[in-house]
Amino acid sequence: MSTQPIIYVLSDSVGETAELVVKAGLSQFKNGDYKIQRVPYVEDKETVDEFLALAKDTVSIVGFTLVDPELRAYVNSQAKKLEVEAIDIMGPTMDAMGRVFNRTPRLEAGLVHKLDEDYFKKIEAIEFAVKYDDGRDPRGIARADIILIGVSRTSKTPLSQYLAHKRIKVANVPIVPEVDPPEELMMVDPKKCIGLKITAEKLNSIRKERLKALGLGDQATYANMNRIEQELEYFQSIVDKIGCQVIDVSNKAVEETANHILRLKQENNSL
């Protein structure tokens, strides 16, 4: 019989959660020569039998995270029969939650890792929105899930960030009469592009407030009505050329516009 203690970690997923718990426990024991053997994707009694038999012949503990109640019960009963120390790492927690919440658990393996995947997708989308904000790099247009286009102060950046938190990669492109829009904008699927329209009066008010916030006079060309109308006419010519959908953001909060965009995306994906 081996004298080095072994902790077998059985899991119906990758086993990372169980291993972390075991390591946390081991950290309380100084100078221990312990071995952890992770056994992922356990789905049948044969695998359970194999490692319980190994544990019986060594100085071992079997720790397990299994969501299937039948398999959990089997491990516990067989371990007791073979006099193997077995620890149900997640079962008692799920059972207690079910009792207190009066709800039935989903009993799906690997959900923690699905949540982790969602988290990293969100971070990736946020980084994407920053990198391809305000037309900084037109290469992002082809890679984006959604491309927002509009004149200055139509909430392109806050919308990009809001949608990024929904794990959607957004590039945004400013429309300025003196600058031709990037060629990439004319090459993507028009369904991915969304124009942000605003009334001249509303834009004039927003830009004046912006100039005041910067400590500048509100008579600058940036807030001039003739200039604004010129920009909006140019914007309209661009969205007409692309053939994309347009949302009027004049009196909409960012959240309201974002939800409208999400609905459009869902409709387009279902076509």
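From the backbone N, Cα and C atoms, a Cβ is placed for every residue, glycine too.
Worth saying up front: this structure is predicted, and the values here are computed from it rather than measured.
What Swiss-Prot records for this protein:
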BINDING   Gly150, Val151, Ser152, Arg153, Thr154, Ser155, Lys156, Thr157  ADP binding site
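A simple way to gauge crowding: the CB of Lys156 (ADP binding site) has 26 other CB atoms within 10 angstroms, across all the protein chains here. Listed in sequence order, Pro174, Val176, Arg207, Tyr222, Glu231 are the same-chain residues at least 6 apart in sequence whose CB falls under 8 Å from the CB of Ser152 (ADP binding site). Each residue in Asn172, Pro174, Leu196, Ile198 lies on the same chain as Gly150, Val151, Ser152, Arg153, Thr154, Ser155, Lys156, Thr157 and has a C-beta within 8 Å of the C-beta centroid of that ADP site, without being one of the site residues.
Taking every protein chain shown into account, Thr154, Ser155, Thr157 are the binding-site residues, and of these the Cβ with the most other Cβ atoms within 10 Å belongs to Thr154.
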